[in-house]
Amino acid sequence: MRIDAISIGKNPPDDINVIVEVPVGGHPIKYEMDKDAGALIVDRFLYTPMTYPGNYGFVPHTLSDDGDPIDVLICNTRPLVPGCVINVRPIGVMIMEDDGGKDEKILAVPAPKLTQRYDKVHNYTDLPEITLKQIEHFFEHYKDLEPGKWVKMGGWQDVDVAKKLIVEAIERYKTQG
């Protein structure tokens, strides 16, 4: 896969593309896309036997404060094939920090052309509270048993903050990527 050939989206930050690395409900394995080779590699086996609460990936042509493309958790119930590209719209962001520094997770839903299931979801607050708690629980604990790793949760922010972080990550990629 040539990652450089995949667009950010049709209208960022409102409409973005995500390259999926880990499927919802998959085995406790963290995959990452090798951006240079365009290949999906095994980053690590999670020490904690937990599954991802959504399809997880990144927005191409972005750069977060941690030096990686901006992370996205897609709220949907069907597992996507790692390496596929899905068009989504952001609905919020979970602020967190880990042993590597700031590590925000953009929360998104599939674009309306893919499914009508999320037509009324415009902000993270439109999701069921249990869904948000499950996401928080996963990211708060998925590194618990890994030596030297830690996570600190900073709470949820709305869609406007998510879009601002996406724009900043796009600009950072243009100047530093």
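Using N, Cα and C of the backbone, Cβ positions are placed for all residues, glycine too.
A quick note: this is a predicted structure, and the numbers were derived from the prediction, not measured.
Asp103 is the only one of Asp15, Asp34, Asp103, Asp119 that Swiss-Prot places in the Mg(2+) 1 site (with Asp66, Asp71).
Annotated substrate-binding residues in Swiss-Prot are Arg44, Tyr56, Tyr142, and among Lys30, Lys35, Lys152 the one listed with them is Lys30. If you take the CA of Tyr56 (substrate binding site) and look 10 A around it, the binding-site residues you hit from Asp66, Asp71, Asp103 are Asp71.
Taking Cβ-Cβ distances under 8 Å and a sequence separation of 6 or more, the neighbours of Asp103 (Mg(2+) 1 binding site) in its chain are Ser64, Asp66, Asp71, Met96, Glu97, Val151. There are 13 other Cβ atoms within 10 Å of the Cβ belonging to Arg44 (substrate binding site).
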